[in-house]
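Right, one structure below, let's go through it.
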């Protein structure tokens, strides 16, 4: 009988189920498939689990301890996705005030590079997280992000902001998200969707206060000091959270940097294509809703308030997505969310003649559209080995980042050339169409996954 069994048995005699669960957490030596002992001194396992009683063991899945690194990820996501979600405030300021004479296509490079490089570079940073350790990778990201904010605060030209707030910040964020994506799925199975949803809700909470704080700082202190303060906050908070980045399963040794075996499976390419298509259209609300408000006679503050509503909806939506997915299936939930997102985007935005409908759009869009951000890591976790999650998710994100790069630049060009910077009709149609194509790809992925199962019923939890 293992010590875990004895601990639970002792707890049972004392009538304390919680004590049993904690004892199992701290002394279990039962190993599941693809899991190896994770020593205290192993760099690839982030210097071991400092709170583990048994140094050569690994913690069980679905344990209480898993919420510690999971909540640390949620806090870090406030700064990772808060930077991208709140960029709409900077975008509106740059487009309408500081660089009013500069084309939207040129200015779109800044926000495009933040989000696209964050994902594209994840091809390599995800592999580094598995190879060099979660904490080393995360701290590298913290340093680069802080440097990016500080350098951007001294930038006077658009090209300087493209290099600092765009390129450098995007690369830094990629190092931070590399270990973050795989942690919830590594620690949970039964409540995997919920755990992923909670971490992603952190990104929306970050978008909320990042947006409000950024707008307030720009109004009162100027954009330069807004960037400096965000850099200092990022340094302090993420440095503390990185300490709590624990692996549950040690990384599988490999010779190469990438997990190329994943590319031999069709499901890898379907997830990557679905995410890429969604990212082509997803960011149109974040980057252009403030400009739409200006077209309708609103103010910069009105645009900031819309982004607050968008992120508030995301807080609820990302947690709900996880709960619903645990009940009805990850791919099923993802497919329905894409259909609803595309429909809402085009039907509400294209018919809006005042600011009020845009508030409704932002609330519903925030509630439904970010489902793919919460569920794609879960889908990867159910289809691939736990010990390669950071690498495989990094490869998927890298391909998805190409969608952001192409999509955002295309939106800027369409807004300049076909909407003449006076409306957003063609830009919205372009974005909504690609989100619908993501839904089609998700349906194909669903059929493929079902075809590999003994139960091939069309209507089932997938």
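Glycine is treated like the rest: Cβ placed from N, Cα and C.
TrEMBL annotations: computationally assigned, not manually curated.
From a predicted model like this one, the values you see are computed outputs, not experimental measurements.
Residue ranges 28-46, 427-445 are listed, and TrEMBL annotates 427-445 among them as transmembrane segment. As annotated in TrEMBL, transmembrane segment covers the listed stretch 303-321 rather than the other ranges in 246-264, 303-321.
Using a cut-off of 8 Å between Cβ atoms, the transmembrane segment (392-415) and the transmembrane segment (266-291) share at least three residue pairs, counting only pairs 6 or more apart in sequence. Proximity of distant same-chain residues to the transmembrane segment (136-152), defined by a Cβ-Cβ separation under 8 Å and at least 6 residues beyond the stretch ends, is recorded for 43, 46, 76, 79, 83, 125, 128-129, 160-161, 164-165, 168-169, 171-180, 227-228, 230-232, 234-235, 238-239, 242, 245.
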